[in-house]
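K.L.:
Quick one: this structure, given as structure tokens, is what I'll be asking you about.
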Amino acid sequence: MTHQTHAYHMVNPSPWPLTGALSALLMTSGLVMWFHYNSTLLLTLGLTTNLLTMYQWWRDIIRESTFQGHHTPAVQKGLRYGMILFIISEVFFFSGFFWAFYHSSLAPTPELGGCWPPTGIHPLNPMEVPLLNTSVLLASGVSITWAHHSLMEGNRKHMLQALFITISLGIYFTLLQASEYYEAPFTISDGVYGSTFFVATGFHGLHVIIGSTFLIVCFLRQLKFHFTSNHHFGFEAAAWYWHFVDVVWLFLYVSIYWWGS
């Protein structure tokens with residue numbers, strides 16, 4: 001490696017953005033094929049390439065940051081700005097779903113029966129599984145904060161315990177959401193109510209799965225002593241993302257489950 005007199009990381013050419021983009025194309029096309037033609041081939045191919053890309057990209061970043069020392073304070077500052085901008089873009093992403101929901105529900109058209117929920121739709125009881133889901137995510141927000149404080153204090157054992165609890169709660173949330181979808185008395189095809197409900201809660205569920213994966217990687221890295229109290233941006237980014245997922249759920253619960261029912 002040539003000698004450099006600056007603190008910035010000159011990234012090597014990487015195939016993972018391209019394979020990641022291709023996997024996203026395969027997954028979205030595969031979703032359409034699954035919905036319309038009941039074929040899961042493209043979707044499976046997309047998920048497989050996505051998992052391979054994630055594994056190899058994460059491996060490269062861990063190698064560059066932990067073992068080669070490329071993540072200097074200047075690089076970490078750039079990564080922090082990047083993560084903040086990414087979360088802001090996600091806020092706008094979900095804003096679109098809330099806009100669609102409120103646009104449809106605040107002024108229901110005659111086709112919907114002039115009321116919300118539309119005629120013939122039996123909404124889910126917000127005081128049952130959705131309320132349990134809310135408490136599960138709020139508890140996971142507490143445990144991820146506990147993990148962060150434990151890491152800052154150099155308490156590895158408590159950090160691992162708290163991280164394990166957070167991951168378990170994330171998986172539990174996903175299972176509860178899956179059971180709720182399975183038992184829901186309406187489908188994604190049931191007009192604008194079904195569309196807005198399943199797209200908004202489904203995308204949030206996808207974000208919970210992504211966040212849980214991120215936290216699992218952090219857990220495995222902590223088992224290998226990768227994080228220190230002053231060098232742990234990977235974990236910090238995962239924690240920020242998890243808090244974002246938490247806050248989005250509170251808005252979903254209040255808007256779609258409670259007010260919308």
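Cβ from N, Cα, C; glycine included.
Positions annotated as topological domain 'Mitochondrial matrix' by Swiss-Prot, on the basis of similarity to another entry: 1-15, 67-72, 224-232. Residues or ranges marked as transmembrane segment in Swiss-Prot: 16-34, 41-66, 73-105, 129-152, 156-183, 191-223, 233-256. Taken from Swiss-Prot, the feature topological domain 'Mitochondrial intermembrane' covers 35-40, 106-128, 184-190, 257-261.
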K.L.:
Near the transmembrane segment (41-66), which same-chain residues lie under 8 Å Cβ to Cβ, leaving out any that are not at least 6 residues past its ends?
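P.N.:
Answer is 9, 11, 14, 16, 19-20, 22-31, 33-34, 213, 217, 221, 226, 233-234.
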K.L.:
Taking 129-152, 156-183, 233-256 as candidates, which has the most Cβ pairs under 8 Å with the transmembrane segment (73-105)?
P.N.:
233-256
K.L.:
Looking only at residues six or more beyond either end of the transmembrane segment (233-256), which have a C-beta under 8 A from one in the stretch?
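P.N.:
Non-local partners: 61-62, 65, 71, 76, 79-80, 83-84, 87, 90-91, 94, 98, 101-102, 126, 130-131, 133-134, 137-138, 140-141, 144-145, 147-148, 151, 166, 170, 196-197, 200-201, 204, 207-208, 210-211, 214-215, 217-218, 221-222, 226-227.
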K.L.:
Counting only residues 6+ away from its ends, which parts of the chain sit with a Cβ under 8 Å from the transmembrane segment (129-152)?
P.N.:
158-159, 162-163, 165-166, 169-170, 172-173, 176-177, 179-180, 215, 222, 227, 229, 232, 235-236, 239, 242-243, 245-246, 249-250, 253, 257-258
K.L.:
Can you check how the pLDDT averages out over the topological domain 'Mitochondrial matrix' (1-15)?
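P.N.:
Mean pLDDT for the topological domain 'Mitochondrial matrix' (1-15): 83.
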K.L.:
Within the topological domain 'Mitochondrial intermembrane' (106-128), count helix residues (DSSP H, G, I), strand residues (E, B) and coil residues, in that order.
P.N.:
4 helix, 0 strand, 19 coil
K.L.:
Take the topological domain 'Mitochondrial intermembrane' (257-261) and count its residues per DSSP category (helix H/G/I, strand E/B, coil), listing them in that order.
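P.N.:
Helix, strand, coil within the topological domain 'Mitochondrial intermembrane' (257-261): 3 helix, 0 strand, 2 coil.
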K.L.:
For the topological domain 'Mitochondrial matrix' (67-72), give me same-chain residues lying six or more residues beyond its boundaries with a C-beta closer than 8 angstroms to one of its C-beta atoms, as numbers and ranges.
P.N.:
7-9, 79, 231, 233
